[in-house]
Each structure stands twice: as structure tokens, then as C-alpha cells.
Amino acid sequence: EVDWFSLASILFLLMFAPLIVYYFIMSCDQYQCSLINPLIDLLTGKKHLSDIWDKTPTLTYRAAGIYTLWVAFQVFLYVFIPDFCHKFLPGYIGGLQEGAVTPAGVVNKYQINGLQAWIITHALWFANAYYFHFFSPTIIFDNWIPLLWCANILGYAVSTFAMIKGYFFPTDAKDCKFTGNFFYDYMMGIEFNPRLGKWFDFKLFFNGRPGIVAWTLINLSYAAKQQELYGQVTDSMILVNVLQGIYVLDFFWNETWYLKTIDICHDHFGWYLGWGDCVWLPYLYTLQGLYLVYHPVQLGTANTIGILMLGFIGYYIFRTTNHQKDLFRRTNGNCKIWGKKPEYIECSYMSVDGTKYYSKLLTSGFWGWARHFNYTGDLMGSLAYCLACGFEHFLPYFYIIFMAILLTHRCIRDEHRCFSKYGKDWKRYTAAVPYRLVPGIF
């Protein structure tokens with residue numbers, strides 16, 4: 001059942017999320033990244049909405065062509081080029097992999113080749129930048145707002161198609177969820193794993209490609225624009241490219257692990273993922289680089305090292321915490337965490353068909369510090385991106401605020417599901433690990 005608060009939140013996002021993205025990008029394009037000045041102009045009557053809209057670049061054939069080629073190329077790399085990276089990169093797990101068991105008992109197979117797609121795409125990008133010169137490295141920045149309209153068209157198109165598909169020709173009817181509320185079903189999705197053919201999985205493709213592959217290209221385009229405008233690339237821009245590049249590479253290196261995360265294991269595919277991955281992710285996750293094009297910041301050696309260390313420590317916590325949990329799961333607890341046998345709580349739960357299962361919840365290592373300490377590391381990295389932009393404007397700090405809200409909400413959502421699953425065993429676990437994100441505080 002859809003409660004009134006969830007419905008109100010969904011209606012708010014459906015109405016205002018696209019406007020929020022437009023407002024941020026427009027603020028940079030017309031107001032040098034000030035989020036206050038557009039409101040002041042509108043409230044004082046200095047400008048009308050039509051004045052701002054008239055100055056906004058429209059959809060162009062060039063942008064439509066760029067975006068169509070981009071998405072088509074990523075589809076080609078995803079569907080038609082089997083992974084070869086796992087054959088020569090030690091420690092990398094790619095190729096044909098199995099996902100988690102769906103609620104209907106299905107185990108989907110995936111062709112994990114995101115790292116390969118990222119490498120091929122960036123190799124071609126640098127080859128063009130240094131040798132072929134078919135297009136300028138600033139092409140993304142130069143067409144940023146026209147590309148926004150293209151991303152919105154794709155986001156709404158794929159979300160609408162996913163809903164229609166869920167009603168009329170689902171991949172697996174048993175893995176569909178109907179609440180009876182149109183807006184909730186459109187936002188959160190009906191099908192669990194909508195697919196076309198054998199390999200095109202909507203959820204994995206849009207979660208990882210084209211938005212995350214584009215993330216580092218977008219930042220490179222920002223850096224190229226800085227070079228073009230000011231004759232140099234600032235240390236802050238390099239820092240943002242490095243830290244966010246590590247995050248993106250980590251995502252693709254661990255794409256197989258990603259199959260076991262909340263996005264793939266629990267979320268259905270609707271507007272939340274479809275539009276969010278097409279528009280929200282590439283446009284608002286890259287605000288730091290966009291801001292630095294308009295406001296180049298030189299941090300200096302000491303500040304750069306300090307922010308870099310914060311980012312590295314955050315990444316270390318994020319990756320190590322996830323690794324501890326993955327190792328514990330893979331070995332069923334027969335491993336060592338920080339040189340000792342792991343501590344855990346034995347849990348049991350009942351499936352829908354009445355079968356009783358047993359599980360173990362890790363309570364040592366970083367998982368003994370807090371129940372979602374991987375999110376804590378993620379937030380530290382997110383803060384580092386923002387600090388690289390200085391303190392002159394609020395805009396680049398939207399990311400850390402959004403991530404704090406998102407990950408806190410995920411904590412609560414995940415724990416609600418775990419309490420429903422484990423019951424009194426979950427209470428034992430939360431007594432053993434009392435904090436969610438920050439030991440001793442929250």
C-alpha cells in the first residue's frame with residue numbers, strides 16, 4: 001500500500017526534480033552559478049520567467065545527433081562486445097555473471113563489461129583529442145543545455161516504455177509489482193528486471209551506462225573548457241577529475257559486486273532509475289566541474305593534499321567496508337577480518353512459501369563500528385569533491401547535501417526491510433551495532 005507521505009514525495013519529485021536540474025544548470029549558464037540571483041531578479045520584477053527561458057539554449061539537431069550516437073554506441077558496447085578484460089586483468093571479475101535471486105525465484109545472467117566499455121570509450125576520446133581532432137574536447141560543455149533536453153526525452157521515454165512493458169509484455173510476470181497507484185507505479189517501477197532479448201537489461205544498462213561512463217568524460221570536457229578559457233587547468237579541477245575518476249573506475253571494477261546491491265536486488269525499474277540515471281546523475285553529480293569552469297579555484301599545495309587525503313580515506317573506508325562484507329558472504333564467515341575470525345549474529349527468516357532460511361550478520365571490522373559504514377566513506381568522498389570548489393557559492397555543495405539525504409533514506413529503507421525480514425534477530429543486531437553511520441553520534 002502507498003501511504004500519503006510516499007505519494008506526496010513522489011508527486012513532488014515528478015513535478016519538481018526536472019525543474020531543479022534545469023535551475024542549477026541555468027544558474028551557471030546565466031548567473032555564474034549563483035542560486036540566489038535568479039530568485040532575486042524574479043521576486044523584484046527585474047526579470048520574468050519568460051526572460052530566463054528565452055535565454056536558455058534550445059534543443060538542436062547537433063545535440064540530438066551527439067546524444068543519439070552516444071547512447072547507441074554504449075548500447076553497442078553493452079550488448080555486442082563480450083567482456084575480455086577479465087581474461088588479462090588480475091583480480092577483475094567480468095564476463096558472464098549471475099545476479100541475486102529475484103522475488104519470483106529467477107536468477108538472471110548478466111554480461112559484465114562496464115570496465116571494458118569505459119576503457120574503449122575513453123581510449124577513443126583521448127585518441128580524438130590528441131590525434132584525430134574530429135571534434136573538440138569541449139563538445140560536451142558547449143552543448144550542455146541542448147544535451148539536457150535530449151537526456152530528458154530519453155529518461156521519460158524509457159520510463160514510460162518500462163511501465164507499458166510491465167503491463168502488457170513483462171519479462172517475468174511474477175516479478176512485477178502493482179500498487180494500483182499510477183504515480184507510484186510510474187515512479188518506482190512495475191517490473192523488477194525488464195529486459196529486451198537475452199542480454200539487454202534495462203536496470204543494469206541505465207544504472208551503469210550511459211550516465212556513469214559519461215561522468216568522467218563530462219569532467220574531462222570541463223577541464224578542456226578551463227584550458228580554453230584561462231590557458232590552464234586548475235589544481236581544483238584536476239582534483240575533482242581524479243577523485244571522481246577513482247569513484248567511477250571503482251564502480252566498473254566492482255560491477256559484479258554491484259549486482260548484489262540495493263539498486264539491483266530490491267528496486268524495480270521506473271522513472272526513479274530511468275530518468276534519474278539519464279538526467280539527475282550526469283547533470284547534478286558533475287556540478288563541481290561545471291562550477292569550476294565558471295569559477296576557477298587554485299587551492300594551493302596544502303589544501304589540495306588535505307582534500308585529496310580526505311577523498312582517499314573516504315574511498316578506503318568505502319571500499320574496505322564493502323570488501324569485508326563481500327568476503328564474509330563469499331566464505332560464509334570462514335575468513336579473517338582485521339586478522340581475527342569475524343564476529344556475527346545468526347539470523348533466520350521465512351520466505352513467502354514458508355521455507356526457513358538462515359543468515360549471518362557481520363558485527364566486526366568496520367561493520368562493528370556502524371551498520372552502514374560504507375555510506376560514511378562515500379559521504380567523506382562526496383565532501384572532498386565539494387571542498388575542492390572553495391566556499392564562495394552554495395551550488396557545488398548541493399551534492400553532499402543530496403548524498404546525505406539519499407544515503408540516510410537508504411539506511412532507513414534498508415533497515416525497515418531487514419526488520420521485516422529478521423524480526424527479533426534484527427533487534428539483537430542493532431543492539432550489538434547501535435549506530436547507523438557515525439559511531440557514537442548517529
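From the backbone N, Cα and C atoms, a Cβ is placed for every residue, glycine too.
The feature transmembrane segment is assigned by TrEMBL to 6-25 (among others).
Listed by sequence, the residues of this chain that lie at least six past the ends of the transmembrane segment (59-81) yet keep a Cβ under 8 A from its Cβ atoms are 111, 113, 116-117, 120-121, 139, 143, 146-147, 149-151, 154, 197, 199-200, 205, 209-210, 213-214. The feature transmembrane segment is assigned by TrEMBL to 59-81 (among others).
Marked as transmembrane segment by TrEMBL: 115-132 (among others). Counting only same-chain residues 6+ beyond the ends of the transmembrane segment (115-132), those with a CB under 8 A from a CB of the stretch are 73-74, 77-78, 81, 83-85, 89, 92, 94, 209, 213, 216-217, 220, 224, 248-249, 252-253, 255.
Counting residues 6+ beyond its ends, the transmembrane segment (144-164) has Cβ neighbours under 8 Å at 18, 21-22, 25-26, 29, 56-60, 62-64, 66-68, 71, 185-186, 189-191, 194, 202, 206, 269-271, 274-279, 282-283, 290 in the same chain. The transmembrane segment annotation in TrEMBL covers 144-164 (among others).
The annotation transmembrane segment is assigned in TrEMBL to 229-249 (among others). When Cβ-Cβ distances below 8 Å are used as the criterion, the transmembrane segment (229-249) is approached by residues 115, 118, 212-213, 215-216, 219-220, 222-223, 285-286, 288-289, 292-293, 296-300, 304, 307-308, 311, 315, 381, 384-385, 388-390 of the same chain, each at least six residues removed from its ends.
Residues or ranges marked as transmembrane segment in TrEMBL: 269-287 (among others). Long-range neighbours of the transmembrane segment (269-287) within the same chain, counting only residues 6 or more positions beyond its ends whose Cβ lies under 8 Å from a Cβ of the stretch, are 13-14, 17-18, 21, 24-25, 148, 151-152, 154-156, 158-159, 162-163, 185-194, 202-203, 206-207, 210-212, 214-215, 218-219, 222, 244, 263, 395-396, 398-399, 402.
Taken from TrEMBL, the feature transmembrane segment applies to 299-318 (among others). Sequence-distant contacts of the transmembrane segment (299-318) (same chain, six or more residues past either end, CB-CB distance under 8 Å): 234-236, 239, 242-243, 246-247, 250, 366, 373-374, 376-385, 387-388, 390.
Residues annotated as transmembrane segment in TrEMBL: 382-407 (among others).
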